[in-house]
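Trainee: Below is one structure. I have some questions about it.
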Amino acid sequence: MVEGGISKADKTEFTECWSAVWRTPYIMKLALSAGIGGFLFGYDTGVISGALLYIREDFKDVDRKTWLQETIVSMAVAGAIFGAATGGWLNDKFGRKLSILIADGLFFAGALVMAIAPAPWVIIVGRIFVGLGVGMASMTAPLYISEASPHKIRGALVSMNGLLITGGQFLSYLINLAFTDTRRAKCHRGFDEMKLMATRFFSLSKLIFGLSQVKGTWRWMLGIAGLPAVVQFLLMLFLPESPRWLYRKGKVDESRDIIAKIYPAEEVENEMLAMKKSVEEEKEIEGSIGSSTFTQIKKAFGSTTCRRALYAGICVQVAQQFVGINTVMYYSPTIMQFAGIASNKTAVALSLITSGLNAVGSIVSMAFVDRYGRRRLMIISMVGIISCLIVLSVVFFQASAHAPAISGTETAHFGNNTCTAYASAPNPASWNCMKCLAKEAECGFCSNTNLYAPGACIAKTDALAGACKAEKRVWYTKGCPSKFGFLAVVFLALYIIVYSPGMGTVPWIVNSEIYPLRFRGVGGGLAAVSNWTSNLIVSLTFLTLTEHLGSSGTFLLFAGFSFLGLIAIFFLVPETKGMQFEEVEKLLQKGYSPFRKNSSSTKEISDHTK
């Protein structure tokens, strides 16, 4: 977004966005091209959930070791922390465009490494590369879009980046499901060509890297992410730098040319004058705060206005992660298995529902974020999230309490393959399916032909899994047969519905517009780092938490974190709907209180900017 143009918050409408881009398609061209970074962000978030099911099958160490599964998932997040940290500096030093190009290179390199990985540690290396790109894209894409958008439609266009994130997640689940089909069935018409291209790609990889065998559905799932990165790289080569960054670097004519393509001719001079004043003030202040990142961070927290902005920006980013959303996105098929869905294909297919609803929620956010405001959407979203998490906790508790018992007769049916822990237990009659699948036992549960009747607790081996399935029984290793499983699917879907329009997209919008101009790069970087650090903590501990607290206790814990986040948002985050950057800065200078009417102060600020 660029400065200038007087607007009142209550007249910023979603329809304004479509009319503006209809009159000026160039705006949408910039936003969509930069938004591919958001699409890649979403694809990587979603694809690992399905890929992990098959990585576990190809690498038994991964299946046996929970920490290795968590590491494969979370190392992308660890890479994103460093990507976000360096992204703020790169954005300010070399511009938004170059930052996006570097992120694309990292995406492509990471996808290639994962696709040809001969061992779990190579997958982890590839995940780190992808994470670096994700971290840079997570802050650069919305920043570029916001600075290349008229302020009246800024919120809707930044929300479009959120839509592309969720669209990437949805596509990743579709691809997961498609490759799941091909693992055990013939390809459908139209899919053969993609499979042939992938086969040629992996054959070339084998030749180059000397791999004797490159196989696996998950390789295709992870490797295909390199294609959108190439597309964005090529598009960005022909697009301009952010007009704000160009003006700040003294390239006034280039900045004017871009603004002329974004705004009506009669508004261009007002925009240039407003930006000139803003940049001059920014440079004057920066002369006293220094240029090193450490100095800027110190000065950012030393500025009352920026400190208040950081409290709000970091608050919403941390809250976004600690509601547990990425446990659903990273581990969705696994959660479905916890709910009693044994089939990989069915678990991935049901996960597609949550991803699709996430995408729909982003569209809802685009429609309402500039009409009803950022703060209101987040508060409503958090209330809904807390309610769904509490219900999910109850559902998983009931599923565990009513798990099928272990039958000695059914177990003996499989000969001398009884689970060792069950056979040596002092009171095996008290065992049920959940105890059989506990980490301490490390066994599998073969259901009765009557799914909910007592079943067999036997050793967890591929041979016994095959023997169980050969008798038309269901083999469980992650969750147990449950009549409550459908409720888990329903409330996971409701959780996504209430999360996506509010906490899904709004925190990124808030962080693209709340910081004083002189601290925008470092402020956005700190907020993105806080987001990815929180993401790392959640993704690195989820499976471990479920082992120690159970699924029920884990979701209840997230409900508690969400309640704390709701309180923090209520007290720390002001409404920024339809406000120019200068208006937001002056609002923060005055200080925000949820118990004080801010309408008069907002009008005063608007009059001042006139």
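The backbone N, Cα and C atoms fix where each Cβ goes, and this holds for glycine too.
Pulled these from TrEMBL:
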type	residues	note
TRANSMEM	30-55	transmembrane segment
DOMAIN	30-577	domain 'Major facilitator superfamily (MFS) profile'
TRANSMEM	67-86	transmembrane segment
TRANSMEM	98-117	transmembrane segment
TRANSMEM	124-145	transmembrane segment
TRANSMEM	157-175	transmembrane segment
TRANSMEM	220-239	transmembrane segment
TRANSMEM	309-332	transmembrane segment
TRANSMEM	347-369	transmembrane segment
TRANSMEM	376-397	transmembrane segment
TRANSMEM	484-510	transmembrane segment
TRANSMEM	522-543	transmembrane segment
TRANSMEM	555-573	transmembrane segment
Trainee: Report yes or no: does the transmembrane segment (124-145) come within contact of the transmembrane segment (347-369), defined as 3 or more CB pairs under 8 Å with a sequence separation of 6 or more?
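Mentor: These two stretches do not touch.
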Trainee: Using a cut-off of under 8 Å between C-beta atoms, tell me which stretch among 30-55, 309-332, 347-369, 522-543, 555-573 contacts the transmembrane segment (157-175) the most.
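Mentor: The stretch with the most contacts is 30-55.
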Trainee: Pairs of Cβ atoms less than 8 Å apart decide it: which stretch in 67-86, 220-239, 309-332, 376-397, 555-573 has the most with the transmembrane segment (484-510)?
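Mentor: Result: 376-397.
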Trainee: How about long-range neighbours of the transmembrane segment (30-55): same chain, 6 or more residues beyond its ends, C-beta under 8 Å?
Mentor: 62, 69, 72-73, 76, 96, 100, 103-104, 107, 120, 123, 127, 130, 133-134, 136-138, 140-142, 144-145, 148-149, 157, 160-162, 164-173, 175-177, 179-180, 183, 216-218, 221-222, 225, 228-229, 231-232, 235-236, 239-240, 326, 329-334, 344, 347-348, 351, 355
Trainee: State the non-local partners of the transmembrane segment (67-86) in its own chain: residues 6+ outside its ends, Cβ under 8 Å from one of its Cβ atoms.
Mentor: 44, 48, 52, 55-56, 61, 103, 106, 120, 123-124, 127-139, 326, 330-331, 525, 528-529, 531-533, 535-536, 539-544
Trainee: Counting Cβ pairs closer than 8 Å, which of 309-332, 347-369, 376-397 has the most of them with the transmembrane segment (522-543)?
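Mentor: Answer, by Cβ pair count: 309-332.
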Trainee: Who are the long-range neighbours of the transmembrane segment (309-332) in its own chain, taking Cβ under 8 Å and residues 6 or more past its ends?
Mentor: 45-46, 48-49, 52, 73, 77, 169, 300-301, 347, 351, 354-355, 358, 378, 382, 385, 389, 492, 495-496, 499, 503-504, 506-507, 510-511, 514-516, 519, 523-524, 526-528, 530-531, 534-535, 537-539, 542-543, 554-555, 558, 561-562, 564-566, 568-569, 572-574, 588, 592
Trainee: Using a Cβ cut-off under 8 Å, which residues of the same chain at least 6 positions beyond either end of the transmembrane segment (376-397) come close to it?
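Mentor: Hits for the transmembrane segment (376-397): 316, 319, 323-324, 338-339, 365, 368-369, 484, 487-488, 491-492, 494-495, 497-499, 501-504, 506-507, 550-553, 555-556, 558-559, 562-563, 565-566, 569-570, 573, 575.
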